[in-house]
Amino acid sequence: MSLADELLADLEEAAEEEEENLIDEDDLETIEEVQEEMQVDLNAESVKSIAKLSDSKLFSEILLKIDGYIKKQPKASEVMGPVEAAPEYKVIVDANNLTVEIENELNIIHKFIRDKYSKRFPELESLVPNALDYIRTVKELGNNLDKCKNNENLQQILTNATIMVVSVTASTTQGQQLTDEELERIEEACDMALELNQSKHRIYEYVESRMSFIAPNLSIIVGASTAAKIMGIAGGLTNLSKMPACNVMLLGAQRKTLSGFSSTSVLPHTGYIYHSDIVQSLPPDLHRKAARLVSAKCTLAARVDSFHESSEGKVGYDLKEEIERKFDKWQEPPPVKQVKPLPAPLDGQRKKRGGRRYRKMKERLGLTEIRKQANRMSFAEIEEDAYQEDLGFSLGHLGKSGSGRIRQAQVNEATKARISKTLQRTLQKQSVVYGGKSTIRDRSSGTASSVAFTPLQGLEIVNPQAAEKKVAEANQKYFSSMAEFLKVKSEKSGTMTQ
């Protein structure tokens with residue numbers, strides 16, 4: 001999608017939001033305010049005294065008309081002009097409204113059965129919360145709770161886990177046996193509820209089958225039941241095609257408030273489209289956005305159906321595909337944040353020195369031969385310290401045992417200690433004047449001892465410096481500073497000189 005398309009889509013969504021917010025007061029009057037007050041006479045002897053829909057004239061007439069139209073099977077080509085002019089259209093709208101009344105009637109019958117059967121099995125209400133499942137279970141069990149065990153019919157109604165819980169609870173319940181009259185009333189109510197449920201499914205099947213030729217494109221988008229509801233409340237397919245999308249979204253909106261309860265949880269501006277399956281399949285935070293989109297597409301589909309175009313539903317399939325494509329786009333995860341690598345450091349050009357002094361300094365500070373041997377390892381040879389018997393780093397070739405001969409360390413002229421020329425002359429002068437002695441060391445061997453073993457006396461204490469003292473005393477006569485001149489007789493003159 002290009003940038004221009006994205007901007008146009010944003011403008012379209014903004015326009016739809018403005019249309020939703022700019023709802024006239026006249027439109028708000030169409031929102032029906034309903035107070036649900038389910039008043040059931042618990043003292044009624046028969047269920048027919050409180051549930052009168054199945055015996056009503058309207059109920060029987062609609063079912064007869066439905067059976068007649070199912071047998072005829074009129075074709076879409078027979079419908080000419082506005083759809084509202086077709087006699088079957090009114091039957092479809094009335095049948096769709098009848099399903100709502102059937103739902104309310106089923107709730108009344110469920111409450112009647114629950115109150116009557118609580119005398120026999122009061123815990124069953126909490127174990128089976130679904131109304132129809134509860135009614136079927138009550139009809140199957142009756143007055144004998146032992147039917148919970150190994151009952152094939154009950155396995156078609158409840159799950160195995162629920163059956164096990166019901167059977168365990170039934171064995172410990174404190175309920176009382178029902179009389180034959182009470183049991184007969186309960187079974188009558190169960191039969192009525194199951195018949196109403198069958199009639200509701202017949203109506204659903206008929207509406208779905210006939211909506212495919214009255215409004216095929218609209219029913220493809222939101223389903224046949226929802227399409228029939230919004231057509232009925234709008235006053236026909238022609239009126240629906242003339243309504244803007246923001247008003248189509250409000251069709252069927254009710255302010256449902258239970259008497260005595262708060263109305264803060266009521267969802268405003270939510271109609272039949274908001275509660276349709278295509279919208280409710282999305283996460284809750286996308287429901288309103290999806291309802292706006294679906295209502296806009298329903299308006300387009302209704303305009304196509306009002307002119308009897310695309311009877312095969314091609315436009316409806318295209319619009320639904322576009323809706324699903326947008327739904328997928330909304331639910332896509334955000335793009336993965338790209339991790340940018342660190343930029344190369346801006347190191348300036350380094351100054352590289354050269355010359356004789358620099359080369360000598362590198363030779364002096366470079367690796368010694370011993371360090372090179374310690375860093376060197378042989379391939380496929382086990383080191384002597386492989387078992388970590390000694391702490392420290394490996395010695396490499398330096399730690400290998402050789403022939404046993406001591407090799408004199410080679411002196412590297414580049415790495416030996418440097419002394420100045422002045423210090424060299426001073427040391428040389430001392431070695432000449434003092435016979436190589438200094439205040440730290442002399443030329444005598446460091447291994448000389450004052451104890452000696454002789455064959456004559458055995459252990460003998462010897463002074464290693466005695467020889468030096470003897471030489472010094474002998475030389476003191478001639479080289480002493482206190483010595484005097486000696487008298488020497490000259491052979492020629494025979495005189496003595498001093």
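Cβ from N, Cα, C; glycine included.
The annotation domain 'Nop' is assigned in Swiss-Prot to 214-332 on the grounds of sequence analysis. Per Swiss-Prot, site 'Interaction with U4 snRNA and U4atac snRNA' is recorded for H269, R292, K297, and the stated evidence type is similarity to another entry. According to Swiss-Prot, the site 'Interaction with U4atac snRNA' annotation covers R288, on the basis of similarity to another entry. Annotated region 'Disordered' per Swiss-Prot: 333-356, in sequence order. What Swiss-Prot lists as motif 'Nuclear localization signal (NLS)' is 350-363.
Feature map: annotations from Swiss-Prot on the structure.
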residue: H269; record: site 'Interaction with U4 snRNA and U4atac snRNA'; DSSP class: coil
residue: R288; record: site 'Interaction with U4atac snRNA'; DSSP class: helix
residue: K297; record: site 'Interaction with U4 snRNA and U4atac snRNA'; DSSP class: helix
Ask   = If you count Cβ atoms within 10 Å of the Cβ of H269 (site 'Interaction with U4 snRNA and U4atac snRNA'), leaving out that atom itself, what do you get?
value = 17
Among R288, R292, K297 [recorded sites], residue with fewest other Cβ within 10 Å = R288
Ask   = Reported as an integer number of Å, what is the Cα distance between H269 (site 'Interaction with U4 snRNA and U4atac snRNA') and R292 (site 'Interaction with U4 snRNA and U4atac snRNA')?
value = 11
Task = Give the residue counts of the region 'Disordered' (333-356) per reduced DSSP state, in the order helix, strand, coil.
result = 1 helix, 0 strand, 23 coil
Cα-to-Cα gap, K297 (site 'Interaction with U4 snRNA and U4atac snRNA') vs R288 (site 'Interaction with U4atac snRNA'), nearest whole Å = 14
Request  = Let me know the model's mean pLDDT on the domain 'Nop' (214-332).
outcome  = 85
